[in-house]
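Undergrad: To start, I am sharing the structure in question, which I have written as structure tokens.
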Amino acid sequence: MATTVRADPMIDTLQSAYPWIKAAHVVAMVAWMAGLFYLPRLFVYHAERGTPGSELDATFQVMERRLLRAIMNPAMIATWVLGLLLLALGGWWTAGWFHVKLLGVLALTAFHMWCAARRRDFAAGRNTRPGRTYRIANELPTLLLLVIVAMVIVKPF
């Protein structure tokens, strides 16, 4: 008697939804990247113009907090969850390009956490970094994005 292997209906459903999951992943990533580009720029202006305790300081704090909590944190979480789901469905665990991409995404996540810590510094009036620090830091997400996109599109190894 032959054994019949039945496909898991959940996996079948997820496989059929793969293009939609991928689209949602890209949208979440775009929102996250927008925040990673904008928050350090806000820090530049805050460091250069936002004297602690001033009205402008309070305005920057509100903008930074809302950007991080309402856009960046949910977008980062969605990017990770959807990306891990795509990974499980795609099976790229051993692909070299995936390892490079994963390192890039881990670096973006570390940068996100660094930005969150700097936001807390500004909120507590403890920022000691000049605007130049944030100008330089603002370039990191762009470099990481270039590497990540190249790995996903070109898959060089």
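Cβ atoms here come from the backbone N, Cα and C positions, even for glycine.
Annotated heme binding site per TrEMBL: H25, K101, in sequence order. TrEMBL lists 20-39, 70-90, 96-115, 136-154 with the feature transmembrane segment.
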Undergrad: Are there residues at least 6 beyond the ends of the transmembrane segment (20-39) whose Cβ is under 8 Å from a Cβ of it, and what are they?
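TA: Distant Cβ neighbours of the transmembrane segment (20-39) are 14, 64, 67-68, 71-72, 75-76, 78-79, 82-83, 85-86, 89, 108, 111-112, 115, 119, 138, 141-142, 145.
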Undergrad: Select the most exposed residue of H25, K101, where exposure means the fewest other Cβ atoms within 10 Å, treating these as the binding-site residues.
TA: H25
